[in-house]
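TrEMBL lists 68-86, 98-119, 146-168, 228-246, 253-272, 300-321, 333-354, 456-482, 494-513, 525-546, 566-588, 615-637 with the feature transmembrane segment. Residues or ranges marked as Na(+) binding site by TrEMBL: Gly74, Val77, Asn81, Asn339, Leu468, Ser472. The feature region 'Disordered' is assigned by TrEMBL to 689-738. Marked as compositional bias 'Low complexity' by TrEMBL: 721-738.
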Amino acid sequence: MPKNSKVTQREQSHEHVTESVADLLAHEEPLDYKNSSLNVGGAAGKKVPQIEVPESDGRPAWNSKLQYILAQVGFSVGLGNVWRFPYLCQKNGGGAYLVPYFILLLIIGIPLFFLELAVGQKIRRGSIGVWNYVCPRLGGIGMSSLMVCGFVGLYYNVIIGWSIFYFFQSFQYPLPWSDCPIRKNGTLAIVEPECDKSSATTYFWYRQTLNTTSTIAESGGLNVKMTLSLLVAWIIVCLAVIKGIASSGKVMYFSSLFPYVVLFCFLVRGLMLKGSVDGIAHMFTPKLEKMLEPQVWREAATQVFFALGLGFGGVIAFSSYNKIDNNCHFDAVLVSFINFFTSILATLVVFAVLGFKANIMNEKCVVENAEKILGYLNSNVLSHDLIPPHVNFSHLTTSDYAEMYGVIKTVKEDGFAQLGLEPCVLVDELNKAVQGTGLAFIAFTEAMTHFPASPFWSVMFFFMLINLGLGSMIGTMTGITTPVLDAYKIQKELLTVGCCIVAFFCGLLFVQRSGNYFVTMFDDYSAGLPLTVVVILENVSVAWIYGTKRFMQDLEDMLGFRPCIIYFYLWKYVSPLCLIVLISASVIEMTVSPPGYNAWVQELAQERFQSYPPWALAMCFALIIVAMLPLPVVFIARHFNLMSDGSNKLSVSYRKTMMKDMSNLEEQDEARFILGAKPGEAPVAPARRAYLTPGGNKPTDPNSLSPNSCYGTSYQNAAISPTTPSTPDTPVTPESDS
C-alpha cells in the first residue's frame, strides 16, 4: 500500500481504531458465500458499501461434486480394504467383528472424518495452513501429517510396483506361478527343491519376484525388475497429480470406479465356483465370544482409523478445493458408508475365492493321504479290515476319508503319529489367516491358477490393485503438495516432479533384495502411532482449544443447517477418550510384542520370525520420533516466539479480495469506507450471534473459523491498535503485511 495513502496515515496517527481490516473481513455473511458482503457500519438507513467475494478466487476447484466424491472414495478405499479387512474378519470372529467395527465407525470414524472435511473446506488450505490457523502452537500437526504422508508414500508405491510387475507377468498362459520350475542336472530333471517344499505361488513371490535375502542385514543389491517397476509406478503417480486436481480429478473417474467393476465380476465368478459358499458361510458365522476380547475392539478402531485416511492430510487437502457452502456432512457420511460397504464387498469376494481354494487344497490333501493309506495297505502296515466296505479309493470323498481316518486313528492309537496322515478338515483350511502381501500375491494368485481363463482374471485382479493403490497415492501426494503450494510460490508441476524424483531415489531402499523387510518396518512404525497422536491433537485443538460451541456455530453458518447435537458430545468427550485408549493400547502392544519381521529362510523354504538387529531397531524408533518431532518443536518455538505462527496470513482467496479492494481505496473516501459514513465516525459493529450450545444459546465470542479471522485461545484479541505492541499470543493483523 502506498505510504501516503489515507489508511496508512491513519495507522500512523494516534487515533483509536476500533477494528482492523481483518476483523471487518471476518464479519462476512457466511450463509451466502457468493454474494457475501462486509457490513462495516454507518447510521441506520444509510447505504453501506459492500465488497463482493468473487466466485473465482484463483484457488483450483473441483469440476463437479461427483469428481470430489470419487477423489475422497479413491483415497479412503485402498489396498487395506481388500487384504486387511477380510483378514481381521477371519481372525476376530467372522460376522461378530462387523459389530464393533460398525459401532466404532459411528462414534469415531464419521465424526472425525466430518471434522477434517469441515476445517479443510472452511479454511481452504492444506493441513499445515489449517492447523496454523486453528492453533499456531499446535501447527506441528500439519507438519507431522506431511512427514507421515512422505513415509507412507515411499513404501506404498513399492506395493503398486509389485502389482505392476504381476500385471505384466499375467499376460501369458499358463501363468508363470502355476507350476514349480524344473531344474536340469545333466540328464536328470528335478523340481526346484525350494519350490517343492513350499508352493509354486510362494516360490514365485519370494524367489522370482523379490529374490529376497534371508535377513534384513543382507542387502543383496538392487532388484532390477522391482526397480523398473517402481520407476513405472512413480511415473504413473506423477502424471496423475502433476496438474493438481485438474489432472487427478479426471484420473479418479476411472481409478475409483474400475475396482468396483472388478470386485463385482469376481463376486459373480466366485459364487459360481465350487466351495465358494463354504468360504462365505465361514466368514459370516459369528463367534460372539470374540466380541468380549479387548484386542478385537482395538484392531477394529485401528482399521476404522486408517480406512478413512484420517490424519494424512489428504482429506483436508481435497476438501479445501470445495465451495464453502458445500454440504460436507453429507460427504462424510456418504464416503464413510461407501468405504464400509466396499470392505464387506471385498470380504465376500476374498472368502468366496478362498473357499474355492480351500476345497481344492482339501481335495488335494485327501488324494495325497489316500495314496499313503494304499501304500500302507499294500505293505501290510495297515489291515484291509480297517477300511469301511463302502469306501472306493477311485472316487474317495472327503466324508469317506474322514470316516477312514477316524477308524485308523482309533485302532492305531499308539503308532498313529508315525503314519504321517493328516485329517484334511475343510474348516482348518478356511481358518488359515492370510493378510497383506500373503493374501494378494500368494493365496489369491494360487486360487486364480485354478480359474478357467486364469490369465484374464489375473490381469483384472492386479489392474484393480494398481487402481486402488493409485487412488490412495493421489490423496497422499495431494496431502504433501497442497500445504507446500499454499505456503510458497512454487510452480505446481516443478514441485510434483521434484517430489516424485526424490521419492523414487529414496524408494530404492525398498527394491533391494531385502526391501520387503523394510516395507514391513515402515508399515508397522512410520504411520500407526504418529497418526493416532496427530488425530487426537486435531480433535483436541478443535473441540477444546478453539471450542466445540464455536465450531458447531461455524458449521451452522457454513452448511446452512444445524448439525446434530450428538456431534458436540462425540467431538468433546467420546472421540478424545477413545483415541486416548487406542494410543495406550498401541503403546502397550508395541511394548509387549517383540519388534521383528517374518524372514524367508531359503534352506527351509518357509518364513521364520526374526528380531530386528540393533541398528534396525534404532531405525524403527527413529521413524516414530521423526514423524512426531514437529509437534514439540513447533510448540516450543512458538511458545517462546522463536518463529512466526503464520496466523496473520490470510488464505489465498481472501488475501486477493482484500488487496484488490484496498488498492481501490485511493480513489475513494477511505475514512468513510473503513470508519463510517463520515471521517471520524465510528462504525457500527455487526450484531453478535448466539453460538450453538447443548443447553441453550449463550452469546460467545463471534470469531468464526475462517482464514481471515484469528481464533483459538490466542485469538481473542485479534483487533489491535497500531500502538499496541505485538506479543506471541497476539497475532499481527493483516494490515502489517501490506
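Every residue, even glycine, has its Cβ placed from backbone N, Cα and C.
This view paints the features noted in TrEMBL onto the structure.
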residue : record             : Cβ contacts under 8 Å, 6 or more apart
Gly74   : Na(+) binding site : Met252, Ser255, Ser256, Leu470, Gly471, Ser472, Ile474, Gly475
Val77   : Na(+) binding site : Ser256, Pro259, Ile338, Asn339, Thr342, Leu468, Gly471
Asn81   : Na(+) binding site : Ala307, Asn339, Thr342, Ser343, Ala346, Leu468
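If you count C-beta pairs under 8 angstroms between the transmembrane segment (300-321) and each of 98-119, 146-168, 228-246, the highest count goes to 98-119.
Beyond the transmembrane segment (98-119), the same-chain residues lying 6 or more positions past its ends with a Cβ under 8 Å from any Cβ of the stretch are 89, 130, 134, 291, 296-297, 300-301, 303-305, 307-308, 310, 315-316, 319, 328-329, 331-333, 335-336, 340, 344, 535, 538-539, 542, 551, 554-555, 558, 567, 570-571, 574-575, 578-579, 705. Close to the recorded Na(+) site, the chain also has Val73, Phe75, Ser76, Gly78, Leu79, Gly80, Ser256, Pro259, Thr342, Gly471: residues not among Gly74, Val77, Asn81, Asn339, Leu468, Ser472 whose Cβ is within 8 Å of the site's Cβ mean position. Here the transmembrane segment (228-246) touches the transmembrane segment (494-513). Their Cβ atoms form 3 or more pairs under 8 Å, with each pair 6 or more residues apart. For the transmembrane segment (494-513), the residues of the chain that approach it from at least six positions outside its boundaries are 150, 153-155, 157-158, 161, 210-213, 218-223, 226-227, 229-231, 234-235, 237-238, 241-242, 477, 480-481, 484-485, 519, 522, judged by C-beta separation under 8 angstroms.
Among residues of the same chain six or more beyond the transmembrane segment (68-86), those with a C-beta under 8 A of the stretch's C-beta atoms are 62, 159, 245, 248-249, 252-253, 255-257, 259, 283, 303, 306-309, 314-315, 318-319, 321-322, 331, 334-335, 338-339, 342-343, 346-347, 350-351, 435-437, 439-440, 465, 468-472, 474-476. By a simple count of nearby Cβ atoms, those within 10 Å, the most crowded of the binding-site residues Asn339, Ser472 is Ser472.
For the transmembrane segment (615-637), the residues of the chain that approach it from at least six positions outside its boundaries are 137-141, 143-144, 147-148, 151, 216-217, 521-522, 524-527, 529-530, 533-534, 537, 595, 643, judged by C-beta separation under 8 angstroms.
Cβ contacts within 10 Å of Leu468 (Na(+) binding site), excluding its own Cβ and spanning all protein chains shown: 29. Ranked by number of Cβ pairs under 8 Å to the transmembrane segment (253-272), the listed stretches 146-168, 333-354, 456-482 are led by 456-482.
Sequence-distant neighbours of the transmembrane segment (146-168) (same chain, 6+ residues past either end, Cβ-Cβ under 8 Å): 79, 127-128, 209, 225-226, 229-230, 232-234, 236-237, 311-314, 437, 440-441, 445, 458-459, 462-463, 465-466, 469-470, 472-473, 476-477, 479-480, 483-484, 503, 506-507, 509-511, 515, 518-519, 522-523, 526-527, 530-531, 534, 623, 626-627, 629-630.
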